[in-house]
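Per Swiss-Prot, the features are as follows:
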- H17, D168, S169, K170, R234, F235, D243, R249, K250, A266, K270: ATP binding site (BINDING)
- D19: Mg(2+) binding site (BINDING)
- E45: K(+) binding site (BINDING)
- E58, Q101, D243, K274: L-methionine binding site (BINDING)
- 101-111: region 'Flexible loop' (REGION)
Amino acid sequence: MEMKDFIFTSESVSEGHPDKVADQVSDAILDAILTQDPKSRVACETMVTTGMAVIAGEITTNAIIDYPKIVRETIREIGYNDSAMGFDWETCAVLTSIDKQSPDIAQGVTEGEGMFKEQGAGDQGLMFGFACNETPELMPMSILLAHKLVSRLADVRKAGVLDFLRPDSKSQVSIQYIDDKPVHVDTVVISSQHSPEVSYEMIKEGIIEEVVKKIIPANLMDSKTKFLINPTGRFVIGGPMGDCGLTGRKIIVDSYGGHGAHGGGAFSGKDPSKVDRSAAYMGRYVAKNLVASGVCERCEVQVAYAIGVAEPVSVMVDCNGTGKIPSKRISEIVREVFDMRPRAIIEQLDLLRPIYRKTAAYGHFGRELPEFTWERTDKAAIIREKAGL
């Protein structure tokens, strides 16, 4: 059998990337609303550009929210605190245009209304979950390292270790795989916004020493590993001044970095009645527990819904040929162990809480924070038992 030898690349972006600023603002607003009224319906979109943030969407809530204050606090925490950056939390304009959720949608989602008694899905659509045993977090290594690089960039910026850095940055990691196992980091790309007076040599040396070498395992690098640091040579203009940022523009960064499939729905700014978010989290929960159980080494789960209907129209489990038991039995176990109806997902994962701002940068998956209930592997034992392993 021919050996599989290929290079796979994933990217991530920092909390200061304009699209991620928008995601974090949308989720900060969602958290503020859920804190006061957990049953709220929220679809909050954000656009950020030079000197301005625009908030729009459909929100039905009893909460009383100071939208400009939340927007400004989020921008301040990210680090846009100087008008020289073209975006400053104290001076940026905040425009809002908020409507209520359509009653036609609401009756299909609200329990006891619409054509079905149970709480239905907030929309039609297909969502995917993924897990693999490449890393202890059961995430693909390329996206995990890409997230850790930009997270480290933010840490050294805020701590003053590399005080010339500014908030906007991106990373990209290319990994050589042999027979689907990561063996070598081929290329690391980092682009980070910086203050105008610093030399390129200082930027490159600082990022390689304080970021790359602190994150990329030494055993995966050698003399052939390529480091491309700020490859244009200059990155002073960045953030919302450099590019307009929009909620939901980084769906592959938010999920699995190109590994597995994606249904197209974004996460941020959406309350958990929206299955784009809650069912994607549930898909990760199912896939991660299957891999953690030892039933398979790699797993992709697809779930699909019709608007207003509680039961999924389909659930698919694909172990990419790594299953230790027949695929049909794995699918049966998933149906026996996991309830994929929207209300059940919300209850199992405890999603009516203000936990979403943390998800909005550095990945929704693979970060084992206490709030990230979909990262638990508490179903692995019962899966093993049912599989007879």
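Placement of Cβ uses the backbone N, Cα and C atoms for every residue, glycine included.
On a predicted model such as this, the values are computed, not experimentally measured, just so you know.
Here the features listed in Swiss-Prot are painted onto the structure.
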| residue | record | DSSP class |
| --- | --- | --- |
| H17 | ATP binding site | coil |
| E45 | K(+) binding site | strand |
| E58 | L-methionine binding site | strand |
| Q101 | L-methionine binding site | coil |
| S169 | ATP binding site | strand |
| R234 | ATP binding site | coil |
| D243 | ATP binding site | coil |
| K250 | ATP binding site | coil |
| K270 | ATP binding site | strand |
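The two recorded residues E45 (K(+) binding site) and D243 (ATP binding site) have their Cα atoms spaced 17 Å from each other. Ranking the binding-site residues E45, D243 by how many Cβ atoms sit within 10 Å of each one's Cβ puts E45 at the top.
Among the binding-site residues listed here, namely D19, Q101, K274, D19 has its C-alpha nearest to that of S169 (ATP binding site). Straight-line distance linking the Cα atoms of E58 (L-methionine binding site) and D19 (Mg(2+) binding site), rounded to a whole number, equals 20 Å.
Among the binding-site residues D19, E58, the residue whose Cβ has the fewest other Cβ atoms within 10 Å is E58. Neighbour counts of Cβ atoms within 10 Å were compared across the binding-site residues H17, R234, K250, K274; the minimum falls on R234. Counting only the Cα atoms, the space from the residue listed as 'Mg(2+) binding site' to Q101 (L-methionine binding site) is about 24 angstrom.
Comparing Cβ neighbour counts within 10 Å across the binding-site residues Q101, S169, the minimum falls on Q101. For the pair K274 (L-methionine binding site) and K250 (ATP binding site), the Cα-Cα distance reads 18 Å.
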